[in-house]
C-alpha cells in the first residue's frame, strides 16, 4: 500500500513537471533571432516589390532605351516585370531542394547563419541595380533571395521544432508564421511615399534586407545548436546535454535526453533517408500525403488572389487613390494580429481545430465575397462588405493554414526523416506558389469575380481531407504521433519501429552500447539516472 502511494506521488510529480514549461531566455532569443533573419525576410520580399512597381518599370524602360535607342514595348515590359516577381519562387524551389544536404552537414543553426550569405548578396545586387543601370542585377537578386527563402522556410521550422519542449512546440512553431506576417507588414510600411516609396529611394527597400541578416549573424552564434541534431546525428552527448540545459533553463535534463534516446531506440537508425526512401516507407505514407495536402493548400487557397483584388476593392469603396497605401496597412496589421492570436491559443485548442476551422471560415468568406463583388454595382454599401470579407479571409488564413503546415512537418517525422520531409514540403510549397502566379491571371480573366469559388473549393477539399485524416498532435512526442498514424498506414507498431531500412540501421544492442559508453565516460552521468 505504501509503495503504491509512493508510486502515485512520483506519477503526480512527473505530471507536474511536464505541465510546468519554462520559456528560457535562450529559447526566446533563438526563436526570435532565427525568425527575424529568416521567415521575416520571406514575408518582407513578398510585399516589398508592390509599392515601387511603377518606378521599377520606369527604370526598366529607361535602361532599355539607353541600351537600344528605343522604348521597350508594353508586352516585353510586362514580361520583364512578371519574371522579376515570379522568379522569386524559382529561387525558393532551388533552396528547398538543396536544404537537405546543407542541414545534414552544417546543422540547423549553422545553416541559418550561412544562409545570410545569400541574403546579403541579394540585397547588394538589388539595391545597387539602379546605380549600375542594370535591371538584370535586380532579377538575379530576386533569384538569390528566393534561394535564401527556400532554405530558411525549411531550416527554421526544423530548428524550432527540435529545440522546443513538446508542450509549447506549436506556439514556438508559429513564430515562423508570425514573422512572415510581420515581414509583409514591414514591407508595406517602408513602401509608403514618406519613407522609401519614392522614385529616388526605392533601392533602399532592398538594401534594408541586410539589417535582419546582420542582427542574426551577430546574435545566433552565441546560441546552441539543436540538441536533437547533436545527440542523434553527431552523437555529441555532452554538447546535446548543454544545449538542452540552456534551452530549457534547468540543470536536470534527464527526462528530455531519455525521450530522445527512446526515439533513437525506436527508429534504430540515425542515418538520413532520401526522399525516395521516405516515399517508399509505408509507416509514414499518410504523414507525407498530409504534408503535401497542407502545403499545397497553403499556397493554393487563394490568399494571393486577395492581394490582387485589394486595391480595386478599396477604390470601389470610394477610398481615395492616394489613401489606399495607408488603408492597405490594415491588411498587414490584421495578418500579424491573427498569427499572434494563433500562436497564443494553439497549445490550448490544438492544431486540428485551428487548421480545419481556418479553412472553413475561408470558404464562408470567399462565398460572401463572390456575391458582394458580383452585385456591388447595384448596392452602394456592398464594397464595404467586400473590404470586411478581405480582412476576414486574411485573418482566417493566418489563424490556422498560414503557419500550422510548417509545425506539422516538424512534428510528423523522426529525426532521420525530417530533412527529406521538409524538402518535399518546400518543393510542394514553391511549385504551388509558382503555379498560382502563373495561372491566376488566366483564371481571373476567365471567371472574373467567380474565381474565388475555385479557391473556396480548394479550401473545402483541404478541410475535408484534414477532418478525416489529421490526428491531433498537441503535447505528443514524435513517437506518439507515429503511433496515431500506424493504423491508417496499415502497419503494426513493431513494423513501424523497424523503419524499413534493415541495411542501414544499427542494431538496438549497438546503439545501447554507443550511448552507454558515453554515459560511462562521464558525459551524461548527472543527466541520466
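Cβ coordinates come from backbone N, Cα and C, glycine included.
The shown structure was predicted, so the numbers you read here are calculated from the model rather than taken from an experiment.
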353-375, 491-513 - the one TrEMBL records as transmembrane segment: 353-375
Segment assigned the feature transmembrane segment in TrEMBL (from 46-67, 112-133): 112-133
Integer average pLDDT (0 to 100) for the domain 'Major facilitator superfamily (MFS) profile' (31-474): 89
Highest-contact recorded stretch vs the transmembrane segment (79-100), from 112-133, 353-375, 420-441, CB pairs under 8 Å: 420-441
Same-chain residues at least 6 beyond the ends of the transmembrane segment (202-223) whose Cβ lies under 8 Å from its Cβ atoms: 26, 29-30, 33-34, 36-38, 40-41, 44-45, 48, 51-52, 55-56, 109, 112-113, 116, 119-120, 122-124, 126-131, 138, 141, 145, 187, 190-191, 196, 246
When counting Cβ pairs under 8 Å to the transmembrane segment (288-309), the leader among 21-42, 139-160, 324-346, 381-408, 420-441: 420-441
Distal contacts, the transmembrane segment (21-42) - CB-CB under 8 A, six or more residues away: 109, 112, 115-116, 119, 145, 148-149, 152-153, 155-156, 159-160, 163-165, 167-168, 172, 175-180, 182-183, 186, 209, 212-213, 215-217, 219-220, 223-224, 246-250
Cβ contacts under 8 Å made by the transmembrane segment (172-190) with residues that lie 6+ beyond its boundaries: 27, 31-32, 34-36, 38-48, 50-51, 153, 156-157, 160-161, 163-164, 196-197, 205, 208, 325, 328-329, 331-333, 335-336, 338-340, 342-343, 346, 398, 402-404, 406-407, 410
